[in-house]
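Here the structure is laid out as structure tokens; the discussion comes afterwards.
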Amino acid sequence: VKAVLKKREYGPKYTQNNFITGVRAINEFCLKSSDLDQLRKIKRRSPHDDTETFTVYLRSDVEAKSLEVWGSPEALARERKRRKEAEIKYRENLFRNQRLLWEYKEFFGNTKPRSSSAAMFFKGPGKVVMVAICINGLNFFFKLLAWVYTGSASMFSEAIHSLADTCNQALLALGISQSARTPDPSHPYGFTNMRYIASLISGVGIFMMGAGLSWYHGIIGLLHPHPVESLLWAYCILAGSLVSEGATLLVAINEIRRSARAKGLSFYQYVVQSRDPSTNVVLLEDAAAVLSVAVAATCMGLTSLTGNPYYDSVGSLGVGTLLGTVSAFLIYTNTEALLGRSIEPEQLQRLTELLESDPVVRAIHDVKATDMGMSKVRFKAEVDFDGRVVTRSYLEKQDIEQLLQEIQQVKTLEELEAFMLKHGENIIDTLGAEVDRLEKDLKQRNPDVRHVDLEIL
């Protein structure tokens with residue numbers, strides 16, 4: 001006759017013995033830290049790399065203590081509701097005080113040192129965007145004056161082009177500042193994708209505001225042509241715009257070259273993969289601006305030589321087509337980035353080989369490595385762990401002779417159950433430690449890996 005243990009039913013009473021942290025005990029059960037001093041403290045393995053162990057409490061002990069403090073579940077529920085209302089009121093007051101402080105600084109002058117978010121605009125992509133905003137804003141002003149003076153359709157398209165670039169780059173600056181926000185409970189993976197969102201909206205803005213108005217003005221010029229006034233000042237402004245746009249283009253090219261070299265990618269790969277969306281927008285907008293200046297100057301020159309205003313309208317259509325092409329590329333690349341694309345196959349292969357070469361791993365399945373944007377990778381895999389290696393790793397840390405004595409003292413089924421439960425839980429903790437070790441190795445092998453999810457089969 002086989003001796004088998006009686007199957008145990010695990011109900012809510014058993015799950016009350018789950019562990020919870022001190023922070024949850026204070027927040028969810030409305031206790032004070034002094035109330036926890038009287039409870040049993042249990043040391044458990046920490047899920048964080050920088051902490052070896054941390055203290056937890058039995059949920060049943062915490063619930064009993066909360067009832068002792070508050071007297072009844074109803075009183076505890078009222079206290080939770082009161083604290084929730086107080087928290088909402090505190091946040092409202094905090095927002096109001098921040099608003100008053102901002103108005104005070106605006107009135108008396110802000111003498112506070114620049115924050116880290118402001119420092120972002122003095123280097124890297126932020127610097128490129130700020131330079132582009134200043135230059136495109138000046139170009140828009142002078143091109144608008146030239147259009148008012150000459151009535152040229154091509155010059156109108158150039159003015160609209162510079163206005164669209166200025167607005168879009170202001171939007172990019174907002175995206176850069178928002179992407180630096182720290183993660184919160186509502187956005188646990190941070191706000192990095194704000195750069196891609198701003199770049200996507202920028203691409204749509206170029207298409208609607210830049211390309212749309214340029215096409216509209218060009219078509220109107222073809223349907224209702226009118227003579228163009230002297231274009232001398234328009235040529236001078238276009239020449240100045242060519243120099244300024246070219247300078248911004250060189251700044252963007254140098255920044256992308258530096259970043260691509262740091263990532264080990266070619267210039268073309270870095271742009272196509274949209275590794276830095278903000279700099280990409282500046283690069284493409286300024287490249288389109290330089291080309292559109294050439295198109296506008298050529299068509300205006302033909303109009304001056306022939307006296308035919310149709311050439312000027314064709315130039316407006318050409319500028320609109322160029323802007324439409326740039327906007328389509330930006331929309332496509334940023335949409336791909338927001339959808340979450342896989343990392344390079346070579347990088348994925350290196351991470352896979354690292355897992356498969358570890359003795360504790362028997363097999364891996366369903367491997368996914370998603371680029372979350374701005375060189376942040378999320379790695380996920382289903383791992384079949386070798387239980388024998390995990391168990392041996394646990395036994396290597398035990399006193400084998402003492403363990404043998406414990407086995408020899410087992411005489412009844414109850415003693416056997418207690419022995420197996422004790423060491424079974426310790427083996428599970430060892431498995432958790434092995435998972436932590438593998439996650440740490442993956443992050444060291446590829447620093448871009450920020451989040452690792454290993455599912456145990």
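The backbone N, Cα and C atoms fix where each Cβ goes, and this holds for glycine too.
Residues or ranges marked as domain 'Cation efflux protein transmembrane' by TrEMBL: 129-339.
Taking Cβ pairs closer than 8 Å, the transmembrane segment (128-149) reaches residues 121, 155-156, 158-159, 162-163, 165-166, 169-170, 172-173, 176, 229, 233-234, 237-238, 240-241, 244-245, 247-248, 251-252, 255, 278-279, 282, 285-286, 289 in its own chain, all 6 or more past its ends. Annotated transmembrane segment per TrEMBL: 128-149 (among others), in sequence order.
If you look up TrEMBL, you'll see 196-220 (among others) marked as transmembrane segment.
Residues or ranges marked as transmembrane segment by TrEMBL: 232-253 (among others).
Sequence annotations record features per position, and here TrEMBL assigns transmembrane segment to 287-307 (among others). Using a Cβ-Cβ cut-off under 8 Å and counting only residues 6 or more beyond its ends in the same chain, the transmembrane segment (287-307) has close neighbours at 136, 139, 152, 154-155, 157-158, 161-162, 165, 227-228, 231, 234-235, 238, 241-242, 245-246, 249, 314-316, 318-319, 322-323, 325-326.
Taken from TrEMBL, the feature transmembrane segment covers 313-332 (among others).
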With Cβ-Cβ distances below 8 Å as the criterion, list the same-chain residues six or more beyond the ends of the transmembrane segment (232-253) that contact it, or say none. 127-128, 131-132, 135-136, 138-139, 142-143, 145-147, 149-150, 152, 155, 158, 162, 279, 282-283, 286-287, 289-290, 293-294, 296-297, 300
Counting only residues at least 6 beyond its ends, the same-chain positions whose CB falls under 8 A of a CB in the transmembrane segment (196-220) are 153, 156-157, 160-161, 163-165, 167-169, 171-172, 174-176, 178, 274, 277-278, 280-281, 285, 313-317, 319-321, 323-324, 326-331, 334-335, 337-338, 373
